[in-house]
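Participant: Structure provided below as structure tokens; questions to follow.
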Amino acid sequence: MFSFSKIEEATNKFSKENLVAEGGFGFVYKGVLSDGQLVAVKQHKLASRQGDREFKAEVEVLSSAQHRNLVTLIGYCTEGGRRILVYEFVCNGSLNKHLSRKNPKPLDWPSRQNIALGAARGLRYLHEECRIGCIVHRDVRPNNILVTHDFTALVGDFGLARWQASGDTAEQTRVIGTIGYVAPEYAETGHITEKADVYSFGLVLLEIITGRPAFDSYQQPGQQHLPDWATPFLAARAAHELLDERIDESSIDEYELINMVTAASLCIQKDPSNRPKMSQVCSSLAVTL
């Protein structure tokens, strides 16, 4: 637990110079603790019922779940009704930033492979290995996958996460998530299992492979959702037709590419029972010649 004064000190009173991100949830600031540790300070907007639920979920999940491919929660502050989370600072930003067409230094293939495998391992832990039972993230997307200096992936932002102790037994809930990443069965019925995360991760894999966003309103109708554009190439096993043209093909491990394309294709199956478990996805991505 942090006092508000300690957080003010760390962020230089939430100075604009330390602001690194802003969204519907609130603001993220870079800070330095008194011992010199760099931190990311997530300041939620003023109290709301949804905001309270998200804050509580994030604290509960990250207090119970620790893994090298999940962000680390250092502490939090609730003084005066505030909702502030303090994380380790991840220096390389989000996967979304690295995949952006505006990025002057596109990710090479080894970095993409490393990020994909790390994120998959983080989700495997949440679904299958966490001591408190299955945790469904519900908002798996490149914005919520952070990247370290050596391109290790850390899954973050657990504001929408929920426990599902019964494993793959569906629970009904209000549909919530990000357009383009929500699994079809969840969108249609509100029934959620960990296979909804698997679907979202399939979209992330397609973005890593293609460099295209999950949903692009500038594309012609019928091709705005990435799976609609990619499905013909997936069906034809035309891996190189999917590949982001910014990648130097000499850096590509052909076996890794085929495995990632195959994993993406399986993850985005419409029927959740046909999607693999994250442990199976990890095994596929980790296999090399």
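Even glycines carry a Cβ here, placed using N, Cα and C.
The model shown is predicted, which means the values in this text are computed figures rather than measured ones.
Pulled from TrEMBL, these are the listed features:
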- Asp139: active site, proton acceptor (ACT_SITE)
- Asn144, Asp157: Mg(2+) binding site (BINDING)
- 14-289: domain 'Protein kinase' (DOMAIN)
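On this model, are these features tucked inside or out on the surface, and what's nearby?
Facilitator: DSSP assigns Asp139 (active site, proton acceptor) to coil in the three-state reduction, outside any helix or strand.
Close to Asn144 (Mg(2+) binding site) in the fold, though at least 6 residues off in sequence, lie Ser94, His137, Val155, Gly156, Asp157, each with a CB less than 8 Å from its CB.
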Participant: What count of other C-beta atoms do you get within 10 angstroms of the C-beta of Asp139 (active site, proton acceptor), across all chains shown?
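Facilitator: A 10 Å sphere around the Cβ of Asp139 (active site, proton acceptor) contains 20 other Cβ atoms.
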Participant: So what's the average pLDDT for the domain 'Protein kinase' (14-289)?
Facilitator: 91
